[in-house]
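Novice: Dropping the structure in here first, questions after.
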Amino acid sequence: MKVAVLGAAGGIGQALALLLKTQLPSGSELSLYDIAPVTPGVAVDLSHIPTAVKIKGFSGEDATPALHGADVVLISAGVARKPGMDRSDLFNVNAGIVRNLIQQVATTCPKACIGIITNPVNTTVAIAAEVLKKAGVYDKNKLFGVTSLDIIRSNTFVAELKGKQPEELNVPVIGGHSGVTILPLLSQIPGVSFTDQEVADLTKRIQNAGTEVVEAKAGGGSATLSMGQAAARFGLSLVRALQGEKGVVECAYVEGDGKYARFFAQPLVLGKNGVEERKDIGTLSAFEQKALDDMLDVLHKDIELGEKFINN
């Protein structure tokens, strides 16, 4: 199993690469790419960690040497948020980066599963889909927007509030991956109940958690370490499913039946070909239903922005 990380010299990429080097199954290959000249050195640094995961680093304008034979491609390349920016402010720079990298994926490893971490995910996934479609290699079961950070934050914040072990929780989060489009389904956590105020406050905290980190880092970065962990969780789940493990479930932002939007984050059963099943989002509380209805306009606009970037 070969995993390629594109954007591997950045804050998220390095954390992700470290976790993959220590946790990928024995015999896996890990390929690191970034435009930054430091990238081969990051690979050398990680190569000293005693695990049976082969690692190699590539830098420069061309990502294709890193992509040959990749089964999974995780893309975290791009600029990070600064105070006062929201994820959509990143669009102008990151849209072009994602387009260029996906063009190289389309020609080099068109059958790979692709996880997009680069924000704004609501839009960059649509960009990736349109590029792959133009290249004639789009498979909607193999393209994912990585929203796992919303899930791990939900698990953490609910555990803190309710005195639970975070490892025991798995809060489904649906919608998208920015602001109001992030919708944790707090009503679906077995054995945990909330007051209306707790639901409103928790939902808002989960939606704004990225800003909490950006502000706490005082201009020195965004959520890189927790995002690295979230991306590793998703990447490792995908690898397990591709290798035949049954019943692997993760939430991610994928193209589905279009009931709510062309792309929508929901719980997925992963399998040997990527998405095996898009699970139903279940029964929502009145609060959740209203939040879902209210976000769709924003989500549709985010998606349209990505489609137009490629098609106009």
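Cβ atoms here come from the backbone N, Cα and C positions, even for glycine.
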Novice: Given that Swiss-Prot annotates Gly7, Ala8, Ala9, Gly10, Gly11, Ile12, Gly13, Asp34, Ile117, Thr118, Asn119, Met227 as NAD(+)-binding, name the residue from Asn92, Asn94, Asn141, Asn208 that shares the site.
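Specialist: Swiss-Prot names Asn94 for this NAD(+) site.
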Novice: Measure from the CA atom of Asn119 (substrate binding site) to the CA atom of Asn94 (NAD(+) binding site) and give the result in Å, rounded to a whole number.
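Specialist: It is 7 Å, counting Cα to Cα.
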Novice: Which residues of the same chain, at least 6 positions away in sequence, have a Cβ lying under 8 Å from the Cβ of Arg153 (substrate binding site)?
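Specialist: Set apart from Arg153 (substrate binding site) by at least 6 residues yet with Cβ under 8 Å, we have Ile206, Ala209, Ser226.
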Novice: Grab the NAD(+) binding residues from the record (Gly7, Ala8, Ala9, Gly10, Gly11, Ile12, Gly13, Asp34, Asn94, Ile117, Thr118, Asn119, Met227) and give me their largest CA-CA distance in Å.
Specialist: 18
Novice: Given the recorded positions Arg81, Asn119, His177, find the one whose Cα is closest in space to the Cα of Gly7 (NAD(+) binding site).
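Specialist: Nearest by Cα distance to Gly7 (NAD(+) binding site): Asn119.
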Novice: In angstrom units, rounded to an integer, how far apart are the Cα atoms of Asn119 (substrate binding site) and Ala9 (NAD(+) binding site)?
Specialist: 17
